[in-house]
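Copied over from TrEMBL:
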ACT_SITE  317  active site, nucleophile
ACT_SITE  764  active site, proton acceptor
BINDING   180, 183, 200, 213  Zn(2+) binding site
DOMAIN    156-266  domain 'UBP-type'
DOMAIN    308-802  domain 'USP'
DOMAIN    619-660  domain 'UBA'
DOMAIN    680-720  domain 'UBA'
């Protein structure tokens, strides 16, 4: 006790602003359930496993720790299996993971000799008791930062429900026997609460569901609310009410009287249909629904180094699938596992290692590759028969890594699904920035390569445009499908017999004939010659049609191919191409090598003056300016804020002001030349263009050129696909990309990320990786030997250069 009293100055009582870590080691994935338990530093409130706590003592000198150990309680045999009612994990009503229950044990430990004092104890100094009590009561920072939940938000009361005007047309709704007024559908029916029309719901991505008659009725009439028949019971809060203008499931506090208007006695109705949330739950609880996840097959679970799963934190599969493949590359393995120990990363880290990307990458690498956490556990499925329970692994939760990587990209900190491609590019960008002072240690360089575009105008003169990238994004030329005849026959059959004919329409997805395109044709399409209209030729002093070809100035160690499966249909509606890609095990891209300016070629002359685009001067909106001035901002600054945000609004202008207060030219007079030094670009519009398959640089450039209009920006991209000579680097490509890795053009397939769903921002991602002579499926925490890797269904393909 005297030893503790002599170190009281090292003990702090956490206040509500302090982050307290008590569920997971900051340097490893040890937890209170681990054999050595967890040690919470009573000064910094960081947590360390048994193997790491000595390092923290050496680095900080903090000697007093709260030791937390969880001991498993006996599992009651009659524990009921509860059905989830929320898209959440670890909360009331969420998914039951069949996790064992634990009892917590605490004690005070003083380093370096590990002197042990019991807790709770009346003999402890008051400061220690208060400090430990606060830590025990505190919600762990790990769980604050990463709540394991899906995107099911609490339903809100709809304003349309409160002001709904119902039309008395004599309609009385019977208690059963419903049918769509416009087709023969008898399921998935919605009652419009304005006029009493019963119509079928939306058609699902796989062809099931309704025929869209309910939503089409809203578009024709504007009647805003509908309730799903079959979900109405005496518990009216459980009824599925949808508001079309808000495009959300909502609460209708007046639902009882709205139903009574049509003669419906809700107290006698029985539930016969799933609500929208329940259907989403059903898909999540039965995720293994197609070949990507190799459902219906007994997948042999794998354990050991390199076979560790990643726990799904709530729609984090995009992160898990991408990081599994990244840490299968030798450069990332070497940088963060072989060549860097956990201790060395910790010593180099700042005071809080949880916010250090290098530390958290090293932690993730050691967690995935060491095999320490890839051990079999008995997974309970709720069955009383132990023989039916399967052997799985728990997986490691990448909470701290996700928090760090999301710090500079707020969207990744949400529980919403994200685009695996966007995450890959963001992650690579962060790694490159972190290693900027020592690029030779940068493992992201293994993905980097140069792209060169060659343009030739009718004058015969050429221009070259060079850039660097980490992914090769490929359009899919459906016209080159190798099963053209089968496709034509299938579509002819549907046209002849009718899409609704039950005998013609396939009942199984396996019976549908999909286009099958060779990957080699996608690559050829990238390099093939295409026309660029409205190209300004500085040689001809006019717009003309130029010919463009593209190639690679260097071949990376790892080639990442992105298949542009998401395209835009008429009306700017995104659509996922239902297509197979024939992907070879080995690939030769030698034909894609670009050689730069060739002997005898003449560059287009630079004539920037003729290319200068006059930018219409934007005058500041005085309403925005006056509101900002009323807040106490400088009038000139407010004018600049309005101009630089294109008069988008007060909030946008204020955000610009707050981030540019320290600009050296903030007090300079507004330029009268008609050009703005900086143009505000709405990030949500950038992300919309990114979902179309455009690069972020091109998306921003297009939005700036079109004052933020997405439709005009898309047209701008297609009509200005090539920049003028003033924007180009016509130097020799070999000098431009001399620092990039390069080698032969032969590659072998080592991994792919596949996507299930209608959009990159919903659904599920799964990785398949070639390891130790076999294909392995990484489906979040599930890791097993793959029997049928879906190589023709990939979204991202990873190839490794073959070194002869």
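Think of each number as a place in line: the chain as shown, counted from 1.
Any Cβ shown, glycine's included, is placed from N, Cα and C.
Curation does not apply to TrEMBL; its annotations are automatic.
The shown structure was predicted, so the numbers you read here are calculated from the model rather than taken from an experiment.
Within 8 Å of the centroid of the Cβ atoms of 180, 183, 200, 213, where the record puts Zn(2+), the same chain has further Cβ atoms from 181, 182, 184, 185, 189, 199, 210, 211, 214. Rounded to the nearest whole angstrom, the C-alpha distance between residue 180 (Zn(2+) binding site) and the residue listed as 'active site, proton acceptor' is 32.
Taking each of the recorded positions 183, 317 in turn and counting other Cβ atoms within 10 Å of its Cβ gives the largest count for 317. Taking the domain 'UBP-type' (156-266) as a whole, pLDDT averages 90 in the prediction. Looking at residue 317 (active site, nucleophile) and residue 183 (Zn(2+) binding site), their Cα atoms lie 39 Å from each other. Here residue 764 (active site, proton acceptor) is positioned 28 angstrom away from residue 213 (Zn(2+) binding site), judged by their C-alpha atoms.
Each residue contributes its Cα atom, and for residue 183 (Zn(2+) binding site) and residue 764 (active site, proton acceptor) those atoms are 33 Å apart.
With respect to their backbone Cα atoms, residue 200 (Zn(2+) binding site) and residue 764 (active site, proton acceptor) stand 27 Å from each other. Around the Cβ of residue 213 (Zn(2+) binding site), a 10 Å sphere holds 21 further Cβ atoms from the protein chains shown. When Cβ neighbours within 10 Å are tallied across all protein chains shown, the highest count among the binding-site residues 180, 200 belongs to 200.
The DSSP breakdown of the domain 'UBA' (619-660), given as helix, strand and coil counts, is 30 helix, 0 strand, 12 coil.
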